[in-house]
Amino acid sequence: MGAAARLSAPRALVLWAALGAAAHIGPAPDPEDWWSYKDNLQGNFVPGPPFWGLVNAAWSLCAVGKRQSPVDVELKRVLYDPFLPPLRLSTGGEKLRGTLYNTGRHVSFLPAPRPVVNVSGGPLLYSHRLSELRLLFGARDGAGSEHQINHQGFSAEVQLIHFNQELYGNFSAASRGPNGLAILSLFVNVASTSNPFLSRLLNRDTITRISYKNDAYFLQDLSLELLFPESFGFITYQGSLSTPPCSETVTWILIDRALNITSLQMHSLRLLSQNPPSQIFRSLSGNSRPLQPLAHRALRGNRDPRHPERRCRGPNYRLHVDGAPHGR
């Protein structure tokens, strides 16, 4: 049965009425960019998550896919895999630079073409190149991450989005092919201290430069390894992009030790607008897709769930950074 056939009657009525209204209001939307995290029925209709797979045939997996993301990770379902190698980060020994954007949906950092940042190891059989760092956050603390652990959300989630550079020439091609993408997720809590990498992105001089949609600010001399905890475990599963077209080509790697930012930094994020300055303010917060069924997919981890009290010790629980001292 197709996605449209499975659509509930009330939702179908809302969709068709909104589509009819949208056809008479202003220019036609770009079909590749016509989506939102919340259904906007005040003015132009913009389809939220329940409608993604219905308004564009290329996004059908958003409605009918069986390996969709994000998911709720129940730790009792995680299979301990002692043969998972540590994660490895390669920056060529150089500092990261790039542009921080307010896309109207996310806070997004796009790295410059050089240096090339790669991640490998863990469940990855190939080297994957960093394409984007994306920050998702909620309107209230404890409810901003896409993924959950044991039904518990976090205030924010940082996603490092990579494509397989050994098999594909660019992100677009990789998103359509097997073993195409890898996304590392780090959870974020609100506390009295702040992760040093996130502090560079969220300090007042930086975050106020991207207050509105399409604002951008160039950053340099960033040390990406500072984003990661000193030691951590990870959980991996096969899933999808959590935005249209919801391609099921993603190896997700969830870092199991959360980062911190301050309440002031979180407040600054919530003051970012998803609209340009000429339009009414709407907070960028709440930019996450609802949870998707895990179904029969396997969850693997490098930490033995039979002994959760044990601390992560040894090289397998550290990020290996090429050229950095002490295995970092």
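Using N, Cα and C of the backbone, Cβ positions are placed for all residues, glycine too.
Quick look at what Swiss-Prot annotates:
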- 319-328: compositional bias 'Basic and acidic residues' (COMPBIAS)
- 33-303: domain 'Alpha-carbonic anhydrase' (DOMAIN)
- N118: N-linked glycosylation site (CARBOHYD)
- N170: N-linked glycosylation site (CARBOHYD)
- N260: N-linked glycosylation site (CARBOHYD)
- 299-328: region 'Disordered' (REGION)
- 1-23: signal peptide (SIGNAL)
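Mapped onto this structure are the features recorded in Swiss-Prot.
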{"residue": "N118", "record": "N-linked glycosylation site", "DSSP class": "strand"}
{"residue": "N170", "record": "N-linked glycosylation site", "DSSP class": "coil"}
{"residue": "N260", "record": "N-linked glycosylation site", "DSSP class": "strand"}
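Least crowded of the glycosylation sites (N170, N260), judged by neighbouring Cβ atoms within 10 Å of its own Cβ: N170. Taken together, the residues in the domain 'Alpha-carbonic anhydrase' (33-303) have a mean pLDDT of 96 on the 0 to 100 scale. A straight line from the CA of N118 (N-linked glycosylation site) to the CA of N170 (N-linked glycosylation site) spans 14 Å.
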